[in-house]
Amino acid sequence: MPLFATNPFDQDVEKATSEMNTAEDWGLILDICDKVGQSRTGPKDCLRSIMRRVNHKDPHVAMQALTLLGACVSNCGKIFHLEVCSRDFASEVSNVLNKGHPKVCEKLKALMVEWTDEFKNDPQLSLISAMIKNLKEQGVTFPAIGSQAAEQAKASPALVAKDPGTVANKKEEEDLAKAIELSLKEQRQQSTTLSTLYPSTSSLLTNHQHEGRKVRAIYDFEAAEDNELTFKAGEIITVLDDSDPNWWKGETHQGIGLFPSNFVTADLTAEPEMIKTEKKTVQFSDDVQVETIEPEPEPAFIDEDKMDQLLQMLQSTDPSDDQPDLPELLHLEAMCHQMGPLIDEKLEDIDRKHSELSELNVKVMEALSLYTKLMNEDPMYSMYAKLQNQPYYMQSSGVSGSQVYAGPPPSGAYLVAGNAQMSHLQSYSLPPEQLSSLSQAVVPPSANPALPSQQTQAAYPNTMVSSVQGNTYPSQAPVYSPPPAATAAAATADVTLYQNAGPNMPQVPNYNLTSSTLPQPGGSQQPPQPQQPYSQKALL
């Protein structure tokens, strides 16, 4: 295959657009259109060959190539339309419009306008309209669709006649036109000579009428234009032309000009004195200027005062009155009508702003609701971190190494006696297993020698201690805390028994436990077995 393959359409296109053609060969043009769809590259090859002839230096060849291009667009279908709506064709069009002959450019622009109208419903062929838009922005003018200029540009101009017979026929037509013109001139000359030798009857009557037609001026008239006649009242004016009923042409000693017919009279016997008593003078002053004053349209704006004033006037007007409306009322009504579109726009703006504020309000309420929800939730992680660092018990600074525990109360809770300055008392809730072990522990006699001689006292402290259910955490041993109702019932029953028994109650020994028997925070003693945790609540 050669490097530069020949275009199969070059020979036919050159023949259809030859410089020697005197008319379009439509048979060959239609054959080219049929040949386009026979191969896959047919549309591109045909368009390339046609545009090569459009760029020809001979305008006659370029015009024939544009005619062939229009025929291909009309007959070859969408396969050729896609090639026309390509970037290559757009660059070729720009080159032709910049360097081509004016007639060629006009015809190409007319074809593009026609194609834009045909391709407007197909989005794949929108490049033509975009190309026209870009060229218009660059200053290129395009004719309107269906205009006379577009039709004339699309029409093929008269081809240059190369046939001698055609040239001869054209020359004969020109000679015939010249002969007709000469004969008409001779007829006009003969008619003028006859009219000079033998005057016509109409001309004699007209001359006789002009010679005997005289009128007298009854008013003074001063010419305002150059072709008008100035005269005074009482002057005799010779009428030259009275074909116009309003303005006649007359002659005086001052010259010839036009004058109004109602300023003269045909009665020539009237005395000048009588005419002077009845005459009316009309004078025109150049200083007088007639101006039509039109009220300037006031700019429309929303004025509540004017609307209130109009409503007040309408309420005070009697509808049964036959008198016309006041001009002020009509003026205010017109102005209020002009405010209508502005009021509609203002309402739309207010509605839009109200919608935006409503959306913002919803967002703010959602944010506040989320904030309130987060604030009401238990800070579980912070409480856990705080309580994790606390020991299982609190040892008072004012107490020695041993702590005195009273007898086991009914609720099973042990109170640690501490310093009197302590503002809080800590309650320990021990599981039942530890309570049983504590109750069975053997206390040496030397631990508390004063036990036999002491009076038995109730093991209830004066300080009120709130029983709070403890929180259980993964790092601490769960403790059992009886329900508040059970604790309160047990405490009430014990107090009642104590009051009824009095001094006859048996003495209960106090257990004096050393600190070594209690669980230490850092000791090696194993914590009690974990139990099922109950509810977790924050400390009150």
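Glycine residues also receive a Cβ, built from the backbone N, Cα and C atoms like all the rest.
Here Swiss-Prot flags 171-190 as domain 'UIM', drawing on sequence analysis. The domain 'SH3' annotation in Swiss-Prot covers 210-269 and is backed by sequence analysis. Sequence annotations record features per position, and here Swiss-Prot assigns SUMO2 cross-link to Lys276 based on a large-scale study or a structure entry. What Swiss-Prot records for 500-518 is compositional bias 'Polar residues'. The compositional bias 'Low complexity' annotation in Swiss-Prot covers 519-540.
Per DSSP, the secondary structure of the domain 'UIM' (171-190) breaks down as 20 helix, 0 strand, 0 coil. Residue counts for the domain 'SH3' (210-269) by DSSP state, with H, G and I taken as helix and E and B as strand, are 6 helix, 28 strand, 26 coil. Across the domain 'SH3' (210-269), mean pLDDT in this model comes to 85.
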